[in-house]
Amino acid sequence: MASEGRRPLVAGNWKMNGLRSSVPIVEAIRDGLSPALTDNIDVLICPPATLISSCVAAVYGSPVAIGGQNLHARPSGAFTGSISAEMFADLGATYVIVGHSERRAYHYETDDGVHAKALGARRAGLRGIICVGETMEERQQGRALDIVRAQLAIGLPKGATGEDTVIAYEPVWAIGSGRTPTATEIAEVHASLREMLDKLVGEEAHKIRILYGGSVKPANARELMAVENVDGALVGGASLVAEDFLGICRAYEG
Ligand SMILES: O=C[C@H](O)COP(=O)(O)O
């Protein structure tokens, strides 16, 4: 449940999915959102970099925002194959995901690297969505809170604000698995992250949105979004089906 004036954000992460033929999914999301809904929530789609331009064109003049999924920390240079925050901003993206667990697992991203990328996002005027989350092994060892707090403490740039930063709690074991933590477990982690934010940025902690991600579907969205300190969702698989993503957004209806 978003509170203290935080505006919920429902964000879709397409990961490495989607060709030009997928742009109509964004158009269907754009057309399926009622003004009553977008008056109250922010909606974001993060397609692969190859589709940013066409998705930005598709949502032009609508409340839907487009973001990147990863970035290089530097603005430009000899980094073959990389994309900088400035390049995403140049295309009309307004957000970028930083430190997703798939980047950490398959591309060996460290918390220090996440920090550098979050700074890069801010430099270019993009909002960084900093992802944190524990593995099942870490949870079973009772280390979930320590892990996510450390990831946040190192990853978060100094002076982060509610304007430039979003946090996403994504338990690694819940991603694409159909399993989710209980509402009590999510509430515990989000409260702990909020408290850590308070230590790191003081009052601004209450303006920074903390999303939940991991197997969010239309069927469980209402319950998950109602948890204290949950300010929206980071949605993977279900964001590739317009009706499913819209169903999750509608958790904020009435
Ligand atoms: O970034 C999104 C998350 O990894 C969640 O993915 P999922 O909704 O397919 O579990």
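Cβ atoms are placed via backbone N, Cα and C, with glycine included.
Annotations in TrEMBL come from automatic prediction, not curation.
Quick caveat, the model's predicted, so the values are computed rather than measured.
Contacts of His100 (active site, electrophile) defined by a Cβ separation under 8 A and a same-chain sequence distance of 6+ are given as Asn13, Gln69, Asn70, Cys131, Glu170, in order along the sequence. Among the features that TrEMBL reports, active site, electrophile is placed at His100.
The number of other Cβ atoms within 10 Å of the Cβ belonging to Glu170 (active site, proton acceptor), over all protein chains shown, comes to 25. Taken from TrEMBL, the feature active site, proton acceptor applies to Glu170.
Sequence annotations record features per position, and here TrEMBL assigns substrate binding site to Asn13, Trp14, Lys15, Gly176, Ser215, Gly236, Gly237. Trp14 (substrate binding site) falls within neither a helix nor a strand when secondary structure is assigned with DSSP, and so counts as coil.
With a 10 A radius on its CB, Lys15 (substrate binding site) counts 19 other CB atoms from all the protein chains.
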